[in-house]
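So that you can see what the record holds, here are the features copied from TrEMBL:
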DOMAIN    391-480  domain 'TonB C-terminal'
TRANSMEM  6-22  transmembrane segment
TRANSMEM  34-51  transmembrane segment
TRANSMEM  93-110  transmembrane segment
TRANSMEM  261-278  transmembrane segment
Amino acid sequence: MIQYILECIAFQLLFLVIYDFFLKRETFFQWNRVYLLGTFLLSLILPWVKIEAFKQQVPQTFAGYPDFLWNLNAVQVVTIEDSLGWQLTWQEGIFYSGMFLALLFFVFKLRQVYLLKKHGEQVQFPNFTQVIITNSSIAFSFFKSIFIGDKVLKMKHDTIIEHELVHIRQGHTWDLLFFELMRIIGWFNPLVYVYQNRVSELHEFIADAHVAKEDKSEQYQQLLSQVFQTEHISFINQFFTKSLIKKRIVMLQKSKSKKVFQLKYLLLLPLVFGMLVYSSCEIEKKQLEELSESADEVIHKEDSLITMYNDLATERWRLLKSADENNPIIVNLDNELKKLKARIDNEDKKNATTVKFEVKEYSDDTEVPFAVVDEVPIFPGCEDAADKRACFNDKIQLHIGKNFSYPKEAQDKGIEGRVSVMFMITSEGVIDNIEMRGPDKLLEDEVERIIKKLPKMTPGKHKGKLVSVPFSIPVNFKLQ
């Protein structure tokens, strides 16, 4: 989610840069309104859009692991009910607290409008309701209501009414309320406030341009130059806003932009294209971690020695192992059954982006992977099973579930995650060479305890000989 939020903010910033540098000073007010509303929505949608043609391709045999390659059909997901119930993290606490305060502030502003309407004198017209506020010089619109001070009514106020009617007819209140909602959800995002400010300015420019056609521009500018009382409510279209008066006069004096300048909106095309490429090509950190964890099930380290097994008797498969977040190591095994050994110096590994290995035929008949061994080890109780491989997997799951106990200390510390364990079923049928990798030693110790309790089995056979069979399985610890 944090990744999504950061991408949204980055996209919004780029859209605003285009607007402020190339579009803001043009008189295409309606086009600019569509641009601001459209690009804000695009910034929320684009991070989710993944176009297949742009994606960084990961071989299908790696992205979708066959069950028997990683023994995923033997995965046992272990959960435990958290006695403390649902709890917020401190980050979630800050987020929801901010939303709550933003919502309270929004309700407060709504109440201000409600009280003005309740205590004001209401006059019904065919297309709007006029609310007269006593002893006031305010002027603003909210949906189909125009709030106007009695002091303003003593002046020539027809142009002000016409100005506010433009806001009503074009539904400008909806634009501002949309950004109010975004300010509640994304209260931490300063660009939401910038967007709302830019849209509010445009609303005034649109209404001014319309009224200036009917009234003489000079008289309208003179009216704008007067300073009136204002209400600081972000979702209303108010006529007299001190900070906007100068900008509105400048835009009224500005000549109408030439149509050729509408080509500036084409700048949006390469920008959106670049965003699509970025969002489609990126591999999220979570995905990299998942790929790395899966690779770890068949990769174990002994100092700087890496041993890998090709468990598939297929033409080709690819294994991706992340040496670090930026420099993945890709290993291609192109023959049927291999055992690969390579030594990688630490200094070389730091800067490596691709490591090439010389692959030789696997010929060790004393140690055969579970996926290709002719006769898998027989778990007690599977002697008469038609599918001894599937029975073995089922028995492993039952064994883990029966003997599992979530470490109390791990519960207290909120430790959870996946422990990948590999062990050897020797040619004598006993469990040996248990190796694990997990988020914490407490979880690793629990998995080791469970695996050590596995019973003696009938050893596996390959080409008629008793062999040792390596087996790997991930065990997931999760607090709920």
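Each Cβ is built from the backbone N, Cα and C atoms, and glycine gets one as well.
Non-local neighbours of the transmembrane segment (6-22) in the same chain are 32, 35-36, 39-40, 42-44, 46-47, 189, 191, 194-195, 198, 264, 267-268, 271, 275, 279; each lies 6+ residues outside the stretch with a CB under 8 Å from one of its CB atoms. Beyond the transmembrane segment (34-51), the same-chain residues lying 6 or more positions past its ends with a Cβ under 8 Å from any Cβ of the stretch are 3-4, 7-8, 11-12, 15, 19, 23, 175, 178-179, 182, 195, 198-199, 202, 265, 268, 272, 275-276, 279-280. Mapped onto DSSP classes, the domain 'TonB C-terminal' (391-480) shows 31 helix, 35 strand, 24 coil.
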